[in-house]
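So that you can see what the record holds, here are the features copied from Swiss-Prot:
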type     : residues                                                                                             : note
BINDING  : SER7, ASN8, ASN9, ALA10, LYS11, LYS12, SER73, PHE155, GLY156, TYR157, ASP158, LYS183, HIS188, ARG189 : substrate binding site
BINDING  : ASP72                                                                                                : Mg(2+) binding site
ACT_SITE : ASP72                                                                                                : active site, proton acceptor
Amino acid sequence: MKVLVASNNAKKLGELRTILENAGLSSVEVVPLSAIDAYDEPVEDGRTFADNALIKARAGAHHSGLITIADDSGFAVEELNGMPGVLSARWSGQHGNDATNNELVLAQMKHVPEERRHAAFVSVCALVTPDGDEHIVEGRWEGRMLTAPRGANGFGYDPLFVPAEEDAAGTGRTSAEMSPAEKNAISHRGKALQQLVPIIAGYSTFF
């Protein structure tokens with residue numbers, strides 16, 4: 001069975017392959033978006049992570065005729081009513097500018113005390129079949145937001161985020177101070193992808 005991932009991100013593709021192999025589903029072939037001819041990526045104009053994930057998964061399934069998985073993720077700060085949320089990549093108005101995005105959210109949270117700095121990374125994955133079946137799963141990585149960035153690994157809001165697991169262990173590292181392997185083992189995307197395993201397994205006898 002082939003499963004299209006609506007992305008060319010090697011990390012996302014590899015993470016799903018590893019999860020499927022560990023679940024005994026090594027016969028499932030993970031196909032990148034680059035393998036699909038004449039594909040026009042849809043506009044992600046949804047109001048929620050689920051909206052955007054479904055937009056991408058529906059487009060992929062319709063165009064390719066394959067079961068398609070897509071994800072949308074971002075940084076959600078409780079004090080900011082869950083924002084930056086779906087606007088995480090362009091929070092400062094410049095798409096993909098991590099430095100200015102971080103500066104803006106830090107400024108917005110400047111006077112917020114420690115006890116009100118709860119934040120989470122959120123990943124929503126959608127799986128859509130060519131027949132129109134749709135499944136939505138969500139992974140959350142809970143923690144808190146710092147008052148200044150720390151760490152050189154990762155990207156996005158990683159330097160501002162201390163996972164709850166780090167606080168529980170007494171180490172207090174940001175996700176930008178963790179190794180990629182440590183981060184992937186407990187991250188929001190991994191948690192979401194794990195929930196797709198039984199769904200994919202259920203379709204493996206039909207496609």
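Including glycine, each Cβ sits where the backbone N, Cα and C put it.
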Query raised in the report: At the level of the C-alpha atoms, what whole-angstrom distance separates ASN9 (substrate binding site) and ASP72 (Mg(2+) binding site)?
Result: 13
Query raised in the report: If one measures from the C-alpha of HIS188 (substrate binding site) to the C-alpha of the residue listed as 'Mg(2+) binding site', what distance in angstrom results, rounded to a whole number?
Result: 11
Query - Nonlocal residues around SER73 (substrate binding site), in sequence order (Cβ under 8 Å, 6 or more apart) - result: PHE49, SER88, PHE121, VAL122, SER123, VAL124, HIS188, ARG189
Report task. Count the other Cβ atoms sitting within 10 Å of the Cβ of GLY156 (substrate binding site), across every protein chain shown. Result -> 21
Report task. Look up SER73 (substrate binding site) in the DSSP assignment and reduce it to helix, strand or coil. Result -> strand
Query raised in the report: How big is the substrate site in terms of the longest C-alpha to C-alpha distance among SER7, ASN8, ASN9, ALA10, LYS11, LYS12, SER73, PHE155, GLY156, TYR157, ASP158, LYS183, HIS188, ARG189, in angstrom?
Result: 22
Requested in this report: Count, for each of the binding-site residues LYS11, HIS188, the other C-beta atoms lying within 10 angstroms of its own C-beta, and report the residue with the smallest count.
Outcome: LYS11
**Report entry** the residue listed as 'Mg(2+) binding site' versus binding-site residues SER7, LYS11, GLY156, ASP158 - nearest by Cα
**Finding:** SER7
Report task. Go through SER7, ASN9, our binding-site residues, and report the one whose Cβ sees the most other Cβ atoms within 10 Å. Result -> SER7
